[in-house]
Amino acid sequence: MPETEPLLVSSPSRDYGSDGGASPNKRRVSAVRSVDPSQLEIPGCGGTLCCHPGRWMHRFIMLVLMCLLGFGSYFCYDNPSALQDDMKRDLRVSTSEFMSLYSWYSWPNVVLCFFGGFMLDSVFGIRVGTVVFALFVLFGQLVFALGAFLDKFWLMQAGRFLFGTGGESLAVAQNTYAVTWFKGKELNMVFGLQLSIARVGSTANMNLMGPVYDLVGRVFDLDGYEQLGIALFFAAATCVMTLICALLLGFFDHRANRILRLDEGKTAEAIHITDVKDFGLAFWMLCIICVSFYVAIFPFIGLGVMFFESKFGFTKSNALAVNGIVYIISAVASPLLGFMVDRVGRNITWVIIAIVVTMGCHATMAFTFLNPFIAMSVMGISYSLLASALWPTVAYVIADHQLGTAYGIMQAIQNLGLAVIALVCGSVVDNNGYLILEVFFLGWLALALVAAVLLYLIDSGRGLNLNLSATGRAQMVEELEREERAKEEALGDYAQTADLLRPRSNFYFRNRYLSRLGAKLPEHYNIYTSALVRRSLLQ
Amino acid sequence: MSNELHMEVNPNCTEDLCRLANNDSSYNNLVHVRADGQDDSIHYLWSSIGAPTFLVVRTELSSQLQIDWTALLSNESANSITFSSPPLFAFAVTFTYLWEYNDPKDTGNIHTARSNISYYRLESLSWNDFNFNADYNKSMGSFSLLNHLGANNGSLQFLLEAYGTDSRSEALPHLLYTSDSMQCQLKLDSFPTKYRASRFALEMLMVKVKEPNEYMTLEEHQSIDDEYTPGIFKAIHYSSGGQNNSGYMSWKPVCYAGPHHTLEEDRLVQTYNLQQGVVRIPINSIAHAYFGSDLMLEATTLNISFGMQGDGFFHSTKYLDWNAVIGYGLPPRDQLSMLVIAVITTGVGLPSALFLLGGIYVGCKRVTKKQTYPAID
C-alpha cells in the first residue's frame, strides 16, 4: 500500500511520489526533507501560503487538524465520569457495573499497547492507520450511545471496547503525524499543544456533558436512558470531527508526499517478547511502582465526582471542576517538572517524593474535610513529577535493544492493573464506602513506596546508578566517552560499533522507546515534550 | 454490653380493651420493653394509641410501669401512664404528620417547592394489630405497626426493633444500635399519591420536662467515616439536651427507594430547622398520657423530607423507607474500624521500617566498602 507511506526522506535522489514504488515493508525512522520544500514551485492555487505543503500556514492548518484529531477520543473517554450520577440512575446500574465501562476501555489496551504502534508501522501505514483507528473510535462511541438509548448495558460495554481499541492507537498516530510534519521545527510546541488540547477535550467533557444532558431532556422532552443516549450521540459528534481530521490529514499528507517527492527511511527494530526473561529485579520494581501508583490516581478520578459531591457537599459542576484539576495541572506541570528532573537527576528520590506527597493528598481527602481543591492540585503536581521521573528510569536498567518490550510490558501491566482495580474500586465504594476506598488507595501507594525504597536499595547495592545527580551522570558520561575514544583508537574500523556503548540521557531513552511504539522522533527531541506524551505512552 | 430485655404487649390490659378490635376495626397497641442495667432500667414504650409515639423513661431498677387503661383510652388520658417510683428522666418522640407535597420544579425541598401540599394526621389514622416477634435468644424483638391506605393495598408502616446487645443493622444504612436504643423504620409501600410530582415529608415532635438551661438541639454531625453507609458522611442528632440525662433520635440523611437498600436506591433526606415555641402535643398519644399538661414541658418539632432532585419522585418506585435510632444517653458516634487502622498502620509502618533498615544497610555498606577497598590512584 504505497499511498500509505509517510513523507519521510533519507536520500534526495529517490522519488516515489505517485508511482507506488514503495514496497509494503518500508518503514520510517527519521524525518529529513530532501529539498527545502518552501522553495518548490507549485502552479495554481496549490502554491499559495495556505496550500503549499512547505509553507508555515499550511503546516499550521495541519497542526490544528492534529490537535483536533485527539480531541474526540479524549472528550468521549470520560463521558461516563461526567455523567456518572445520571448514567447510574437512568440505566439502574451499580457503581461497579458503571466502572466496568472504564475496564472495557482498558482491557483491549492490555494487549494493544504492544501492537498499536507496531501495526501503524508495519501493516496500515500512518494514513490508513489513523483513519482505521478514528473509525474504531467513532463506531465505538456510536455503539455506546445506541446502547444507552436502547437501555442495553452490554451494548454500551461493547461500544467502550471498540472505542478503546481505537483510542490508544489513535494517540500514537497523532504523535507520528506531529513528527513527520514538525520535526526539526516546532515539534516541542506541537507535542505540548497536543497534550493541552487533549486535556482541554477531557475538561470540556467534564464541564459540557452535564448541561448537554439537561438540554437534551428539555429540548426533546426525553428522560431516563433515552435522554442519556441522545446526549451521548451528541458527544459522538466530536468523534466525527476526529474522523474528518484523520481523512484530511491523510489527504494532505499524501498530497505533500506527492508534491514534495519525499523518500523513505530505514527499518525500525521489532519487539521481541522473549527479551522479558532477561529483565532484572529493578525493572520489576519499576513495574510495581508504576501500576500501584497509577491505580491510586486514575480510578480515583473516575469516582471523584460522586466523592466530592457526597463528602464535601459540592455541586455537580464544582465537583467536576475539582476532579478535572489533576489533568489541567499535569498539562502545565509535566514539561516544567520534566525539565527540572532532567537538570537535577536523582530519579528515584523524585519518585519517592512523588509517592509520599500523593499519599499526603489522599490522606487529606480521606481524613479531613479540607477543601479537596488543594489536595487535588498537589496531586496533579506529584503525578506529573512521578511521570517525568519514573519512565526514563527504565532505560537505565534495561538494555537498549529491549527497551520497547520493557515499556510495552510496563504499559501492559499498568493497563491490566487499571482495568482490574477499576472494577474492584466500584465494589469497594458500594460495599464499604469512600473512606475505605481512600484507605485502599493509600495501601497501594504504600506498596509503591515500599517498591521505590527497595529499588533505591537495589540500586545502591548493585551500583546501577539510577539515582545519580545530573552532575554525577555527566561525569559518568564523560568517563564512558573517554573509554569509547580509547576503544575507537584501538579498534579502528570497528569504531562504529561503539555507538552501542554511547551513554544515554533520559530523553534519548525515551525517544528510543517512543520510536518503537510508532512515534517517530528526531534526535533532538527533548525531555520537556517527552513528559507530555499522552496517556497511551506515558500515562 | 448486653442487657436482658423484658418485652410485653399491652401490659395488664383487659381482653375487651386490648385484644379486640375497636369499632373502626383498629387496635390499641402498646409495647413495653425494659432493659435492665447495673443500677437503672430503661423503659421504652411504643404505642399507636393516638399519634405513634416513643416514650423513653429511665427509672430505678425496681420501678414498675403502671397503666390506667380506661383513662388511657378515654379523652382524659393525662397521667394515665406512671411508674411506681419517680422516674429519673423521660422524653418522648411523637410522629405527628406525614406531609405529601407536590414538587413540579424538582427541588427536593418542601419549602422551595411552593406548590400543593396535603397531610395525613397520624393521630387520626387507625392501625392494625401489632405484629410482634420476640427472639429472646438473640435478645431482640420487633414490632410493626401497619396502616393500609388506598386501593392498591398501599401501606404506611412503622417497624421497631429492640436489641439487648450492641451491634449494627444488617441492611444499609447499617445504623449502630445499642441496648440503650431502639431502631425505628418508617416504610411507605405502594402508598397512594395525589400529585404528579409527589414527595413525602414527616413531622415529629420531641417533648420532655423543662429543665433550666437545657434545650433540645439539632446537630448535623460530620464524619470522615462512611464505611457503614457508603457515600453518607453525615449523621443527624436530634437530642433532648441535658448534662446528666439526655435522650436522642439520630439518623443518617438517607432513605431508600427500594426494599433491598442498594446504593442505587439511596435518596437524600433533608432535615429542616427545629421549631420551638408553642407546640401542641397531641391529646391522643402516650406522650400526653405520660407528661399530661400540668408540668412545665419543653417541646420542639422537626420536619424531614424524603427524596432529592432528579430521583424521579416517589412514584418512580412507589417505595420509601427511612431508619432512625431512638435511645437514652448520648447519640452513638461511629468509630474507625480495625481494618482502616490496620491498613494505615501497615501503610505508614512498613515503608518507614524499610527506610530505616535500608538506610542502616546502605550506610554500613558504604563504610565497609571504604575500609575494604582503599582508593587506588
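Keep in mind that glycine also has a Cβ here, set from the backbone N, Cα and C atoms.
Confidence across the domain 'Major facilitator superfamily (MFS) profile' (A:59-463), taken as the mean pLDDT and rounded to a whole number, stands at 81. The domain 'Major facilitator superfamily (MFS) profile' annotation in TrEMBL covers A:59-463.
Per TrEMBL, region 'Disordered' is recorded for A:1-29.
Residues or ranges marked as transmembrane segment by TrEMBL: A:56-77 (among others).
TrEMBL lists A:98-120 (among others) with the feature transmembrane segment.
Taken from TrEMBL, the feature transmembrane segment covers A:126-150 (among others).
Residues 53, 58, 61-62, 65-66, 68-73, 75-76, 79, 83, 86-87, 90-91, 127-128, 130-131, 133-135, 137-138, 141-142, 144-150, 170, 173, 177, 201, 205, 209, 212-213, 216, 220, 222 of the same chain, all 6+ positions outside the transmembrane segment (A:228-252), place their C-beta atoms under 8 angstroms from a C-beta of that stretch. Look at TrEMBL and you will find A:228-252 (among others) tagged as transmembrane segment.
Below 8 angstroms of C-beta separation, residues 80-82, 84-85, 95, 99, 102, 314, 316, 318-320, 322-323, 326-327, 351, 354-355, 358, 362, 365, 372, 376, 379, 383, 386, 390, 393-394, 397-398, 406, 409-410, 413-414, 416-418, 421-422, 425-426, 429, 434, 437, 441-442, 444-445, 447-448, 451-452, 454-455, 458-459, 462, 464, 466, 539 of the same chain, each at least six residues beyond the ends of the transmembrane segment (A:281-308), sit close to that stretch. The transmembrane segment feature in TrEMBL is assigned to A:281-308 (among others).
The transmembrane segment annotation in TrEMBL covers A:320-341 (among others).
As annotated by TrEMBL, transmembrane segment applies to A:348-367 (among others).
Residues annotated as transmembrane segment in TrEMBL: A:373-399 (among others).
The transmembrane segment annotation in TrEMBL covers A:406-429 (among others).
The annotation transmembrane segment is assigned in TrEMBL to A:435-458 (among others). Tertiary neighbourhood of the transmembrane segment (A:435-458): same-chain residues 281-282, 285-286, 288-289, 292-293, 295-296, 300, 303, 307, 348, 351-352, 355-356, 358-359, 362-363, 365-366, 421, 424-425, 428-429, 464, 466-467, selected by CB-CB distance under 8 Å and a gap of 6+ residues from either end.
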